[in-house]
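Asker: Provided herewith is a single structure, encoded as C-alpha cells, for subsequent inquiry.
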Amino acid sequence: MSDQPSAPPSAQKPALRSPESSQSRFQVDPVADAPKTPPAARSSVGEESKSRLRAVNFLSPPDSAPDAGVNGDTVRSEASLHSSTGGLSHFSDTHSSTYYLRTFGHNTIDAVPNIDFYRHTAAPLGEKLLRPSLAELHDELDKEPFEEGFPNGEELTAAEIITPKEVSESKSGAVKFGWVKGVLIRCMLNIWGVMLFIRMSWIVGQAGIALSCGIVLMAIVVTSITGISTSAIATNGFVRGGGAYYLISRSLGPEFGGSIGLIFAFANAVAVAMYVVGFAETVVELLDSIDALMTDEINDIRIVGTLTVILLLGISVAGMEWEAKAQIVLLVILVAAIFNYFIGSFIPMKSKQSQGFFSYNAAIMMENMGPDFRDDETFFSVFAIFFPAATGILAGANISGDLADPQSAIPKGTLLAILITGVVYIAVAVSNGSCIVRDATGDDNDTIVGSLENCTDAACTLGYDFSICKEGGCKYGLQNDFQVMSLVSGFGPLITAGIFSATLSSALASLVSAPKIFQALCKDKIYPGMHVFAKGYGKNKEPLRAYVLTFIIGLAFILIAELNIIAPIISNFFLASYALINFSVFHASLANSPGWRPSFKYYNKWVSLAGAVLCCVVMFVINWWAALLTNVIVLALYIYVSYKKPDVNWGSSTQALMYNKALTHSLHLTGVEDHIKNFRPQCLLMSGYPNSRPALLYLVHAFTKDVGLMVCGHVRTGYRRPNYKDMMNEQVRYQRWLLKTRIKAFYTPVFADDLRQGAQYLLQTAGLGRLKPNTLVFGFKNNWRDGEMKDVETYINTIHDSFDLQFGVVLLRLKEGLDISHIQDEFQTSQEKAPGMKDLLVSINIKDFDSDSSKPSSKSTSCQSSPLIFRDTKKPPMQLSPADEKLLAASHQFQKKQSKGTIDVWWLFDDGGLTLLIPYLLTNKKKWRDCKIRVFIGGKINRIDHDRRAMAALLSKFRIDFSDITVIGDINIKPKKHNKKMFEEMIEPYRLKEDDMEQEAAERLKAEEPWRITDNELELYRAKSNRQIRLNELLKEHSSTANLIVITMPLARKGTVSSALYMTWLDTLSKDLPPILLVRGNHQSVLTFYS
C-alpha cells in the first residue's frame, strides 16, 4: 500500500487556500483541529459554504452544520471527509452518525434521480424542479456558479414529503376520476346509445342475425384496433386534457392534430344532436300513443330536443362532479333496462304474439338468420346506421385531463368497455332474431284455423297468418316497430327509461367531450382568434364558453330532427379521427424514435396501419360523398396549419421520421460515387454572423437555394476563455433567424486561436458524408492595407488551405464593402432604451476575412429576431455617414429582383467549369432571370472567329444559353503607364528590398515578415502582375455596366508568391468595378455534355 495517498490527520479537515496564497488555488492544506475551532470561525465557514451554494438551496441538519465543508461538488460532514481516505481513520458511530443517517445524494450538489426534474413547466401533477446544470457541477470555482435556477439538493423532512398528486389536489381541489368512473362507465354509456333500444331490432330485421352479428363484429374490429392504438399512445407519456386531439397532435404534430381536433370537436357537438334526437323520438312516440302531440311529429321532436339539450347543458355547466353522478344514475337505469329485456324475452305471453313476439323459437331464428333488405337498404347502408353506436370508445379519453391516472385508466377502461358492449350488442341481436318475427299485424284475429300444411313462414307454424304484411302496411315486427324491445321486456316502461338513459348519457358525454377537446385545441393557439374559448372557470377549469358554442352547434343539428341523416355525417368525422389515431401508432413505430416506448405492449404497427386503412374504407362505404367532404376538410385544415407553422414543438413522430429519412438518405449517399451530372456547388460561406454581410449571404443563397448546401461559417477569435454556452445559444438563435428569413442554410460557429485555424476546422469538419461543402466563399478584404499584414497572411493562407483540401474558392467584392455590423452596432447604441429593442438582431463585428471597415470591432451582445438590414432604408433610424449609406444600399442589391442587364463571365482559364456553372445557376432564379450571360475569353488576334465558334460549340453542348461571346485578343499587351505606377505604389510598402541590406538581415526580416515581396519574386512574376493590371483595364472597358462580373481568379504558387503580392494582384484585378466574383474551381470537371 505504499502508493496509497496519505490521509490527513484524523482530527483535521481540509480547507481551500485563500486567494492571497502563492500556491496553487487548487491546493488543500490542513488547518487547526476541529474541536479547537472557535464558534465564530465555524460560523464563517458555514456562511462561506452557504454563499457558494446559495442556488443549490442546500440545508444541513442543525447538529451537523458546524462540520460542513466544501470540495466543489459535495458538502460533507467531518466524518465523510476522513472516511474517503481509504479507511485509514476510524471513528465512533456517534461521531459519524450525522453523515451516515442522511439519505444518499441529498448531501451533495449532484442530485439523485427525481421525477420532478422531468416534468414540463406547466405540469399539472406537481412542481417542476431544476436539476443542477452541468455548469454548476463542472465550472471552475472562481466562476459565478448556478446561473439557471435552484436545483433541489436538500433532504426533505417528513412533513415535506408529499406526493405530486396530493400537492396538486391540495392546491386546486380539482376532481379526478379513476378508470371505472372516468372511462369504463363513460364509454359503456356512450356505446350503449340510441342504437341499442330503437335501432338494433330494425337492423336484425333488415340484415338478419348472421349479418347483424357481422356488422357488430366489423364495428368491434375497427374500435378494438383503435382502442389498442389509443392505449399505446396514452401510455407513452403523461396525457393532458384534449382526448383524441391531444393524442394525435402530440404524436403526429400540430398539422394533423389541429385539423383533426377541430372536426373531432365538431363531431362530438353534432353527436349531442344525434343522441338528443333519439331521445326526443321516443318521447314523441309516447305522446303520440296517448294523442298528446303539441303540433306534428317533426316539430315536437325539435321542441323536446331543444328543452333536453338545455337541461343537459345545465348539468354539464354545474361541473364534472355533477355530471359523473348523473352518469352513474343513468348507468344503473340502463343496466336494469337491459336485464329487463332479457328477462322478458324468456316470458312468452299470448297477448304479445299478434305483435310478433313468440319468445325463443328455432323456426323464428332460422327464418331471421338471413337478410331481408327493404326500402333500398343494403348491408353497408345498415352498417352506416349502426356504426355511430361504436363511436363512444373515446368518451373516456376525451376527458383525459380529468382522470387521476390517464395512462392506466384509458387502456383498461376503453378495452373492457368495447368487450362488454360488444357482447351485449351481439346478445341482443341474436335474442331479437330468435324470438320476434319480421312482420306482424297486431290483430289477435289473424290466427290460422285448420290445417298448417301450406305454412312457409315461422309465424304460420305458430298459428298466425301475417301474409297480408307482404303488401305493406303492418306496424309490428322487427322491420316495422322501432319500439319492439319495449314489447318484449318484462316491464315496458323500464325499456323506455333505458332508452332515455342511453340517449341522455351519450348526449351528456358528448356535450362534455366536445368543449374539453375544443378548449385544448384553443389553448395550443393553432388557429388565430380562437383563444377566447380556452379560458377555464372553477377548480376544474371548465370551458364554459366552449360549452355555449357546443350547445349552439348541437341545437342547430337538432332542428334537422332526422336521425338517419345525422348518423352518416357523424360516422365519417369519427372514422377520420380513428384513422389518424391508428396511423399515429404506425407512424411512431415506423419512426423508431427512442421516445416511443409505450407501457402498453399489446399493439402492432401493421395492425394499426390496417386499422387506419379499414377506417378509410369504412368511411367511403358508409357515404362516399361525406367521406370525400371529410377528407377535403381535413386536407384544407392541414394545409392551413402547415402554412401558418404554429410555434410549437411537441416532439412528434413526424420529426422523428424526418430525422430517420435524412439519416438513411445521407448514409445511402455515402455509398454512391460522385458523378459530374450531379455536381452542385456546396458552399462554406465565411459570413461571420449571418446578417452582418447580407450581400454575400443573398448572392450565395441565390445559386445554392434548392440546388446545393450552404453552411454559414463563423470563426470567433480573441477570447482568453471561450464561452461555449453563449456560442451554442447564438447558434440556435441565428439558425432560427435563417429559417425565419427563409434562407436555406446552416450556421456553424467555431472558436479558434486565429481565423486560419478556424477556417481549417470548418473546411475539415463542416458537413456530413456527401453533404459536405466543396466550395469556400468569402468576401474580399477591402481594407487590407489599413490593418496588420499578419491578417493578410492569414487571409491568403486560408485560400491556400482551401486548394490543398481540393475546395473551389469564390471571392465577392463590392466597391462599397460587405460588412454592415458596425452600422447595426451604432443603431443598437442609439436605440438602447427604445421599447422595440428586443425585436432587433444586432451582429457582433469580430474581425473576419472580409472585414471592410476600419472602425473598431463591437463586442456588444446580441438581441433576437430581425436585423436592421431588413428595415426600410428610405427612412434610416439614425443619421448615417455618406459612406455607410452607400454600404447599406449596396448590401440590399441582391435581395431584390435584378434589372435587365448582363452577367459577364470572363472564363480565362479552365478550372473545371465552376466559373461558368455559377452564372448559369443564377440565371435560373427568378430574381436574375432578366440577366443574360455574356462570355469573354482570351485568344489570338489572328484566330478570333475560330475561338468564338469553338466556345459557342462548347456552350451549346453544355446546354447553357448565352447572348454573346467576346474573344479578347490583346490581354498580353502592356498596361497603361499610370496604372503600372499605381501598382508600384501599392506594393512599395511591402517590398523587402533585400538588395539594400545585408543578406543575413534580409533573411531575418523575411522570416519575421514572410509576407514581404522580394525583388527576385517581383521580377519573376512581372508578366503576371502586368496581366492583372491589363485585365482590370479590359474589365472597365467591357463590363463597367454589368449587373455582375464573374472572372477566373488568378492562382499563386504556395511558398513562392508572397501574400502581399497575391493580395495586390486580387486587389488590382477587381478594383473600381461592379460587383465581381473571383472564382476558381478545384480543376475537376463540374460540367459535362454526355447524357
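Placed from the backbone N, Cα and C atoms, the Cβ positions cover glycine too.
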Asker: Among 210-239, 480-509, indicate the range for which TrEMBL gives the feature transmembrane segment.
Answerer: 210-239
Asker: So, does the transmembrane segment (612-641) come close enough to the transmembrane segment (378-397) to give 3+ Cβ pairs below 8 Å, pairs being at least 6 apart in sequence?
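Answerer: Result for the transmembrane segment (378-397) with the transmembrane segment (612-641) is yes.
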Asker: Thinking of Cβ pairs under 8 Å, which stretch from 259-280, 301-320, 409-428 has the most of them with the transmembrane segment (210-239)?
Answerer: 409-428
Asker: State the non-local partners of the transmembrane segment (409-428) in its own chain: residues 6+ outside its ends, Cβ under 8 Å from one of its Cβ atoms.
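Answerer: Result: 177-180, 182-184, 186-188, 191-192, 196, 200, 213, 216-217, 219-220, 223-224, 227-228, 230-231, 234-235, 239, 338, 341-342, 389, 392-394, 396-397, 400, 403, 600.
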